[in-house]
């Protein structure tokens with residue numbers, strides 16, 4: 001019996017992926033692999049629009065709450081975890097469904113990754129200690145000496161990427177920009193992918209949804225959620241978790257850098273920019289089935305398309 005292709009349900013923020021996912025789960029014995037770099041974090045539920053407890057009870061969900069906000073999770077980690085999950089889910093006679101909007105994760109899974117050295121905890125701690133004393137701009141200047149191409153595209157305060165680029169240089173003896181031209185390892189050849197892409201027919205309609213969604217998060221307690229994170233001494237604005245859209249704006253508000261209204265407007269604007277980047281990536285993918293996420297019956301349309309590829 002042939003294994004059905006992997007359905008990838010992709011789309012920008014506020015496109016309605018969650019509702020479509022649940023509709024699919026009512027029809028097939030699915031398990032969801034979340035393709036989302038924010039919902040991996042524990043204690044970050046409201047601002048990430050994480051599936052509710054009731055939704056998680058309806059269908060098995062993977063790659064939720066797998067990291068503390070102080071911890072890193074890379075595209076390479078996602079690829080490793082997802083390939084193992086796909087094998088396990090299929091071995092149990094169930095169907096994996098990839099759903100989410102972190103396009104780098106889709107790219108890593110399908111196209112593979114470059115052979116970069118793994119992070120070294122000792123070296124990472126040394127770099128963080130130096131940054132605490134010298135500041136990230138000083139480490140950015142050091143990176144510019146090792147790898148001017150990578151340094152030129154990074155902000156002097158982009159701590160995560162500066163740290164990683166310096167790690168690569170110091171561990172491998174080569175510039176990250178040079179290593180990124182190396183050979184990639186694509187997904188196993190027996191995996192086939194079908195992308196169902198939820199895309200808006202009208203940009204203004206998506207923007208309205210984004211504003212409504214962000215306001216709903218504020219009403220649900222996003223400020224309190226960020227305040228709780230901010231009370232931790234091991235979290236700071238340079239971490240990927242805190243830089244998530246919505247969180248960094250509320251963090252700035254709680255730091256007194258902006259007013260509440262400014263944080264709201266900046267959060268909505270940042271979400272729109274995220275959606276724009278997501279759509280730009282999707283539109284560059286030639287093989288995708290497009291569903292208008294603003295039309296009535298979007299979830300039913302997704303089910304109809306999936307039925308072309310899934311058994312039963």
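Keep in mind that glycine also has a Cβ here, set from the backbone N, Cα and C atoms.
As the structure is a computational prediction, the values presented were derived from the model and not from experiment.
Checking the ranges 28-31, 32-35, 36-39, 40-43 against Swiss-Prot, the region 'Interaction with substrate tRNA' annotation falls on 36-39. Between the listed ranges 155-159, 160-164, 165-169, 170-174, Swiss-Prot ties the annotation region 'Interaction with substrate tRNA' to 160-164. Cross-referencing 231-236, 237-242, 243-248, 249-254 with Swiss-Prot places the feature region 'Interaction with substrate tRNA' at 243-248.
Per-residue confidence over the region 'Interaction with substrate tRNA' (243-248) averages out at a pLDDT of 95. Residue 13 (ATP binding site) and residue 102 (site 'Interaction with substrate tRNA') have their C-alpha atoms 10 Å apart, to the nearest angstrom. You'll find the Cα of residue 17 (ATP binding site) roughly 12 Å from the Cα of residue 102 (site 'Interaction with substrate tRNA'). Taking Cα separation as the measure, residue 102 (site 'Interaction with substrate tRNA') is nearest to 12 of the binding-site residues 12, 15, 18.
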